[in-house]
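S.K.: Structure incoming, see below.
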Amino acid sequence: MSISCPNFASQILRPHASLIARKTIYAPQDVGIFPSPFHTNLCPTLSNYPSVSPSSCNCNQTFSSTTEDYYRNSALEFDDMDLGKYSKELEVAVKAVQMASLLCQRVQESLLSRSNDHVQSKDDNSPVTVADWSVQATVSWVLTEAFGSENVSIVAEEDVQALSKADTVGLLEAVVKTVNDCLAEAPSFGLSEPSTGLSASEVLEAISRCNSTGGPSGRFWVLDPVDGTLGFVRGDQYAIALALVENDEPVLGVLGCPNYPMKKEWLSYSNGYRRMLSKLASPALGFPGKGCIIYARKGSGKAWMQPLHQKDKKFIWPNSAREIRVSTIDNPALATFCEPVEKANSSHSFTAGVAHSVGLRNQPLRVYSMVKYAAIARGDAEVFMKFARAGYKEKIWDHAAGVVIIQEAGGVVTDAGGHPLCFSRGMYLENLDRGIIACSLELAYMRRSLGLLMLAGTLLASNFSCILSYHYRCYIAVYM
């Protein structure tokens with residue numbers, strides 16, 4: 001007997017079963033027959049909509065949405081924020097990620113202009129690796145200058161030994177130049193720059209400070225220099241993620257999203273036409289596809305977003321940031337879920353079945369990297385689903401910054417068993433119960449259903465190879 005993943009998942013729970021038990025029965029237009037206007041601009045990627053073209057959008061209206069509009073229409077809400085504890089750490093972290101994001105943007109543009117957009121993966125000497133090492137060195141140097149080397153411990157993805165080999169001299173030279181070019185801009189961010197350019201040994205020293213393994217006590221920084229390699233080399237979404245963990249809990253998080261537009265209306269077109277539009281729009285206009293910085297501090301009850309490119313060249317803290325919140329949609333039929341772009345990273349068919357089982361009807365929003373956390377935190381989507389292969393351990397740098405941002409934006413993040421994520425066991429999220437669920441209080445009643453579906457997916461994968469081509473454990477982040 002042939003069994004498909006979507007059909008099986010749909011039979012585990014009747015569509016809207018939990019919704020009907022806890023919520024009002026909705027009219028047909030409320031259960032996905034007619035799309036919500038809120039989500040009309042949230043398509044997964046343009047590859048799913050080949051009929052969409054630049055001629056089909058109102059270019060006159062589109063190009064009027066610039067960073068100038070953002071400054072004109074958004075009040076300086078940040079003045080109302082009581083920074084309190086971790087205020088200096090947050091300020092330095094935001095500035096470091098802002099600098100690193102601009103660094104990555106330049107490296108990506110250089111990569112794409114030389115490769116004719118056909119690069120599909122990174123190798124040991126590719127520009128994406130230059131970005132990895134350069135961000136790690138830059139962030140390490142900025143944090144050390146601000147707090148002292150004795151007070152800075154960083155858990156990061158790259159090991160300095162890989163850059164210290166005899167056959168990586170050319171790569172090291174490229175990293176040193178990229179780092180010095182970036183640090184030369186430090187004064188415009190209110191930070192000090194090196195009195196002289198950093199030498200190769202000084203860059204290696206900065207990177208070597210990122211060798212912490214974390215632990216159950218004390219404080220340490222968690223850095224993912226370039227999260228989303230495929231997105232980076234394809235000119236698509238990627239993120240720079242920095243978090244501060246103290247006594248097992250992320251207490252602040254910063255996400256730099258260099259290609260994620262400030263306005264959700266751009267999501268439909270930014271993936272496929274970002275480079276074309278950026279050439280048509282002058283950089284001085286603050287093209288909205290040029291990215292944003294999202295951040296939060298534990299206990300503030302608020303998360304914030306600001307443009308990557310500033311109206312004035314000099315960065316003044318606190319900047320023209322505005323508060324962001326998770327979506328207020330409380331009807332699963334109107335919710336949009338996020339998932340990875342690549343099928344190799346997630347079972348799209350099983351995810352579709354899980355989504356259908358809990359009443360989700362909209363097309364998914366498919367983006368690379370921790371940009372999914374950003375999309376959920378600012379209300380561009382409500383659900384994030386991923387199926388990780390059996391035996392794969394989630395790394396803390398892939399989640400720490402996103403977790404605190406979603407929590408402060410009004411969401412809840414736990415594993416499928418309802419337990420908080422544990423950041424005290426080193427570089428990995430150990431003892432993770434099936435997967436991860438993040439949701440707002442409005443959708444908390446859905447977590448049990450999603451947890452059951454996660455368990456069912458694990459059992460299916462281990463017993464029916466005809467159903468899943470890989471053994472996936474369900475990782476779901478749902479927010480509302």
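Just so you know, glycine gets a Cβ as well, placed from its N, Cα and C.
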S.K.: Which of Asp380, Asp398, Asp415 does TrEMBL put in the same Mg(2+) site as Glu157, Asp224, Asp227?
M.R.: Asp398
S.K.: With DSSP assignments reduced to helix, strand and coil, which class does Asp224 (Mg(2+) binding site) get?
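M.R.: DSSP call for Asp224 (Mg(2+) binding site): strand.
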S.K.: According to DSSP, which of helix, strand or coil covers Glu157 (Mg(2+) binding site)?
M.R.: coil
S.K.: Need the DSSP three-state call for Asp398 (Mg(2+) binding site) to compare against my parser.
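M.R.: Reduced to three states, the DSSP call for Asp398 (Mg(2+) binding site) is helix.
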S.K.: Within 10 Å of the Cβ of Asp398 (Mg(2+) binding site), how many other Cβ atoms can be counted across all chains shown?
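M.R.: For Asp398 (Mg(2+) binding site), the 10 Å Cβ neighbour count is 18.
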S.K.: Within 8 Å of the Cβ centroid of the Mg(2+) site residues Glu157, Asp224, Asp227, Asp398, which other residues of the same chain have their Cβ?
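M.R.: Neighbours within 8 Å of the Cβ centroid, excluding Glu157, Asp224, Asp227, Asp398: Leu223, Pro225, Val226, Ala241, Ser369, Met370, Lys395, Trp397.
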